[in-house]
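Novice: OK, Swiss-Prot features for this one:
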| type | residues | note |
| --- | --- | --- |
| ACT_SITE | His156 | active site, proton donor/acceptor |
| ACT_SITE | Lys160 | active site, proton donor |
| BINDING | Gly12, Pro13, Arg14, Gly15, Arg16, Met17, Gly100, Thr101, Thr102, Ala126, Pro127, Asn128, Phe129 | NAD(+) binding site |
| BINDING | His157, Gly166, Thr167 | (S)-2,3,4,5-tetrahydrodipicolinate binding site |
Amino acid sequence: MSNETIKLVIAGPRGRMGQEAVKLAERTPHFDLVGAIDHTYDQQKLSDVMPVESDAFIYTDIHACFTETQPDVLIDLTTPEIGKVHTKIALEHGVRPVVGTTGFSEADLKELTSLTEEKGIGAIIAPNFALGAILMMKFSKMAANYFEDVEIIELHHDQKLDAPSGTALKTAEMISEVRKEKQQGHPDEKEILPGARGAEQNGIRLHSVRLPGLIAHQEVMFGMDGQTLQIRHDSYNRASFMSGVKLSVEQVMKIDQLVYGLENIID
């Protein structure tokens, strides 16, 4: 598939991640950016409103965009609420969505799974597109077979809307698949300030840090008598996510089901 041209539409092209996705499309020979979806600048060229070379038109109407451009793949890098709507519409139009937003419920995923089966096309929803972050999650799941005590600290820029991050939640979920259930810490521990011990998922504590100067970082800390193990990943710029976006676009053309999490398409 990598030698065949893949027609792309990008939703949210002017956002920080969206700008990187436009650059990715421009420098990848077998990607053809045929349109973009935004809440403004309808029927203007991307090159007229952004420092890019693409002459693809911007659409404020997603249905019109899909009808006129006939894309193979939608790359959605918007918000959780908008991303949910775009994903469903894309599948209804026979367009394969690659989604980089979080916030999908079990009911949402079930509905989208039914749509992919009905249409016979693939969809990929990835809380994190950084390949290093995916490996961090895989390594953490491996370590959880031997270390029962674990806490997750995720650190992001101060404009991130959700906490804990989708990556932290996914990491906890993967660890829980192999970790023996255990209540960590002293059974009588008391929080002097509410929330001091962080959020909890399946007995795993999750801590969120939000500061300017950060991009996306996560540390998974394991401990047992006499030793600790720390697995950490850092994204220093948003270009770090593009290798995963590229892989997802290529892989979504080869599957006919919904995949949640990039770890499921990496051996």
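Backbone N, Cα and C define each Cβ position, glycine as well.
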Novice: Residues with Cβ closer than 8 Å to the Cβ of Arg14 (NAD(+) binding site), same chain and 6+ apart in sequence?
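Specialist: Arg14 (NAD(+) binding site) has long-range Cβ partners Asp38, Val49, Met50.
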Novice: Other than His157, Gly166, Thr167, which residues of the chain come within 8 Å of the (S)-2,3,4,5-tetrahydrodipicolinate site, judged by Cβ distance to the Cβ centroid of those residues?
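Specialist: Here the non-site neighbours turn out to be Thr102, Pro127, Asn128, Glu154, His156, Lys160, Asp162, Ser165, Ala168, Ala216, Gln218.
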Novice: Among the recorded positions Gly12, Thr102, Pro127, Phe129, His156, report those whose Cα falls within 10 Å of that of Gly166 ((S)-2,3,4,5-tetrahydrodipicolinate binding site); none is a fine answer.
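Specialist: Taking Gly12, Thr102, Pro127, Phe129, His156 one by one, the ones whose Cα falls within 10 Å of Gly166 ((S)-2,3,4,5-tetrahydrodipicolinate binding site) are Thr102, Pro127.
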Novice: With DSSP assignments reduced to helix, strand and coil, which class does Gly100 (NAD(+) binding site) get?
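Specialist: DSSP assigns Gly100 (NAD(+) binding site) to coil.
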Novice: If you draw a 10 Å sphere around the Cβ of His156 (active site, proton donor/acceptor), how many other Cβ atoms fall inside it, taking every protein chain shown into account?
Specialist: 23
Novice: Pull out the recorded positions from the set Gly100, Thr102, Pro127, His156 whose C-alpha sits within 10 Å of the C-alpha of Thr167 ((S)-2,3,4,5-tetrahydrodipicolinate binding site).
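Specialist: Cα filter at 10 Å returns Thr102, Pro127.
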Novice: What's the CA-CA gap between Pro127 (NAD(+) binding site) and the residue listed as 'active site, proton donor' in angstrom, rounded?
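Specialist: Spelling it out, the Cα of Pro127 (NAD(+) binding site) and the Cα of the residue listed as 'active site, proton donor' are 13 Å apart.
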